[in-house]
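*Asks:* My questions will all concern the structure given below.
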Amino acid sequence: MSGDTGPPKQGGTRYGSISSPPSPEPQQAPPGGTYLSEKIPIPDTESGTFSLRKLWAFTGPGFLMSIAFLDPGNIESDLQAGAVAGFKLLWVLLWATVLGLLCQRLAARLGVVTGKDLGEVCHLYYPKVPRILLWLTIELAIVGSDMQEVIGTAIAFSLLSAGRIPLWGGVLITIVDAFFFLFLDNYGLRKLEAFFGFLITIMALTFGYEYVVAQPAQGALLQGLFLPSCPGCGQPELLQAVGIIGAIIMPHNIYLHSSLVKSREVDRSRRADIREANMYFLIEATIALSVSFLINLFVMAVFGQAFYKQTNQAAFNICANSSLQDYAPIFPRNNLTVAVDIYQGGVILGCLFGPAALYIWAVGLLAAGQSSTMTGTYAGQFVMEGFLKLRWSRFARVLLTRSCAILPTVLLAVFRDLRDLSGLNDLLNVLQSLLLPFAVLPILTFTSMPALMREFANGLVSKVITSSIMVLVCAVNLYFVISYVPSLPHPAYFSLVALLAAAYLGLTTYLVWTCLITQGATLLAHSSHQRFLYGLPEEDQEKGRTSG
């Protein structure tokens, strides 16, 4: 890939850009095959005018990306936020979705302008040690997300079978369904995208049904949505807000979206085509995330109405006096506030609104788990290929990710109870929030580089907004760690936490350092890090042109 160069030489080294290839030839997919094996052509229309035909051609990557906003981890976070805070945290959901859209916009822009995904660009610009550590953190995020999909699917099977399928059985079934989706991929890219659109529609209909039957108070709902306040809130509500952010803005999804947009044929030698692609991908992502926001809103509002300040005894009585009385014992007979999870959530909906509500909830939960399976597979494959240049088949990639996810999950399902399984879901949401800097910092760094992005580099407003997101996330994560450490069960855990915290802070500091270089702190650009100012050194430019 060729492009403009920065200053001809810096310290005897010539630097240059890898962006904007001179020809529109699409990159070839690796022999193992990926989502990018097929390229979608963009129809020719009158330049400078909006075209529904073109929007339809660009539609697909944004909806696949939006599935990460609707996985079982999000559903769990939504219902717990409703149960813990009622409608008070709806504004957090709204603004987390907006911030997520801003991050995904940067991811799509990087893929369109450079023709490379975030993992590939990280491989070219970061030294080996930070690059490997960064790859490991994103793999951890992918496995954590896959564990949530396994948990959600297993609970859905248990609810649909009235408990006849045990949790461990549901976990094992997810091994089969993960490979089933690989066969769907063989029917073509557009059909695969349409299938995931169908699953999103199922979620919208099922959770929308729950919203209609629950009839949440609209006045209080609108107040919670548009007034950013939380009167009477304490640490539980704040930790729940952290969970919402971690569930909505997922690290691996930023890497995923930067790859998905490469499935459209865009002539990167023409600035007008790049600008047009950026516009249509932004419109599509906005539509997709608006749909995901409504679905999350449905869930949070339903449980804010049905569960807020509900006691275990009250929940027991409701189920004991319903047609689902066999489920009543899952609620302890005490006056403590219900600690709801996605299993109990389905049960109480069935007790309140009839068995149909329980089964419809389970179908929506199943759709959430299944839709996330394939996108997680793609994210893992793209990240591995980008960072390490290891090109595995999707079969091998699914086997690796799902094996890592299933082992701890099935052990919990066999030897512990449902509450431990749901508690793991909560912990995984917080994990996603803790790992978020390892996606946001790189995407902010590279989309702010004129040597890489040319005139499509972030402007001042975009830099300020995205940097503010980063500061907010880091502050919230720091608060969580400070709040969590005193609750450790044994002093020996402090050493482990200290070691992990040191590694975490070290990698974060390095990423902040390189990010500051692209934001204008040129004095930090020593030695090999001048590439963050001027682009790749001459000896690395050929690698940049041929990689990917």
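Every residue, even glycine, has its Cβ placed from backbone N, Cα and C.
Checked Swiss-Prot, it gives:
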REGION    1-38  region 'Disordered'
TOPO_DOM  1-55  topological domain 'Cytoplasmic'
TRANSMEM  56-73  transmembrane segment
TOPO_DOM  74-82  topological domain 'Extracellular'
TRANSMEM  83-102  transmembrane segment
TOPO_DOM  103-139  topological domain 'Cytoplasmic'
TRANSMEM  140-160  transmembrane segment
TOPO_DOM  161-164  topological domain 'Extracellular'
TRANSMEM  165-184  transmembrane segment
TOPO_DOM  185-193  topological domain 'Cytoplasmic'
TRANSMEM  194-214  transmembrane segment
TOPO_DOM  215-237  topological domain 'Extracellular'
TRANSMEM  238-256  transmembrane segment
TOPO_DOM  257-284  topological domain 'Cytoplasmic'
TRANSMEM  285-304  transmembrane segment
TOPO_DOM  305-346  topological domain 'Extracellular'
CARBOHYD  Asn321  N-linked glycosylation site
CARBOHYD  Asn335  N-linked glycosylation site
TRANSMEM  347-366  transmembrane segment
TOPO_DOM  367-397  topological domain 'Cytoplasmic'
TRANSMEM  398-415  transmembrane segment
TOPO_DOM  416-426  topological domain 'Extracellular'
TRANSMEM  427-447  transmembrane segment
TOPO_DOM  448-463  topological domain 'Cytoplasmic'
TRANSMEM  464-485  transmembrane segment
TOPO_DOM  486-493  topological domain 'Extracellular'
TRANSMEM  494-513  transmembrane segment
TOPO_DOM  514-548  topological domain 'Cytoplasmic'
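In terms of burial and nearby residues, how do these features look in this structure?
*Replies:* Sorting the topological domain 'Extracellular' (74-82) by DSSP state (H, G, I as helix; E, B as strand; all else coil) yields 9 helix, 0 strand, 0 coil.
Over the topological domain 'Cytoplasmic' (103-139), the average per-residue pLDDT in this prediction is 93.
Within its own chain, the transmembrane segment (140-160) has Cβ neighbours under 8 Å at 68, 71-73, 75-76, 166-171, 173-174, 177, 250-252, 342-343, 346-347, 358-359, 361-363, 365-366, 368-370, 372-373, 376, 379-380, 383, 401-402, 404-406, 408-409, 413, 418, 421-422, 424-425, 428-429, 431-432, 435, 438-439, counting only residues six or more beyond its boundaries.
If one looks beyond the transmembrane segment (165-184) by at least 6 residues along the same chain, the residues whose Cβ comes under 8 Å of a Cβ in the stretch are 149-151, 153-158, 191-192, 195, 369-370, 373-374, 377, 394-395, 398, 402, 406, 409-410, 413-414, 418, 421.
Sorting the topological domain 'Cytoplasmic' (185-193) by DSSP state (H, G, I as helix; E, B as strand; all else coil) yields 8 helix, 0 strand, 1 coil.
DSSP assignment over the topological domain 'Extracellular' (215-237) gives 12 helix, 0 strand, 11 coil.
Same-chain neighbours of the transmembrane segment (238-256): 64-65, 68-69, 71, 73-74, 76-78, 80-81, 84-85, 89, 92-93, 96-97, 99-100, 103-104, 106-107, 117-119, 137-138, 141-142, 145, 230, 296, 375-376, 378-380, 382-383, 386, 426, 429-436, 438-440, 443, 473, 476-477, 479-480, 483, counting only residues six or more beyond its ends whose CB sits under 8 Å from a CB of the stretch.
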*Asks:* Taking contact to mean three or more C-beta pairs under 8 angstroms, with sequence separation of 6 or more, is the transmembrane segment (83-102) in contact with the transmembrane segment (427-447)?
*Replies:* no
*Asks:* Counting only CB pairs under 8 A, let me know which of 56-73, 194-214, 347-366, 494-513 has the most with the transmembrane segment (285-304).
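*Replies:* Maximum Cβ contact count belongs to 194-214.
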*Asks:* List, in sequence order, the same-chain residues at least six positions removed whose CB sits under 8 Å from that of Asn335 (N-linked glycosylation site)?
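*Replies:* Sequence-distant Cβ neighbours: Thr311, Asn312, Gln313.
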*Asks:* Using Cβ atoms only, which residues of the same chain lie under 8 Å from Asn321 (N-linked glycosylation site) while being at least 6 residues apart in sequence?
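*Replies:* Non-local contacts for Asn321 (N-linked glycosylation site): none found.
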*Asks:* Go through the chain and flag residues at least 6 beyond the ends of the topological domain 'Cytoplasmic' (103-139) whose CB is under 8 A from any CB in it; none is fine as an answer.
*Replies:* 1, 18-21, 27, 61-62, 65, 249, 251-262, 266, 268, 274, 277-278, 281-282, 285, 289, 380, 382-389, 435, 438-440, 442-444, 446-447, 452-454, 456, 458, 462, 466, 469, 503, 507, 510-511, 514, 528, 531-532, 536, 540, 543-544, 547-548
*Asks:* Write out how many residues of the topological domain 'Cytoplasmic' (257-284) are helix, how many strand and how many coil, based on DSSP.
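*Replies:* Counting residues by DSSP class gives 21 helix, 1 strand, 6 coil.
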*Asks:* Apart from its near flanks, which chain residues at least 6 from the ends of the topological domain 'Extracellular' (305-346) lie with a Cβ under 8 angstroms of it?
*Replies:* 72, 75-76, 79-80, 82-86, 152, 155, 158-159, 214-217, 352, 354-355, 358, 361-362, 365, 418-419, 422-423, 425
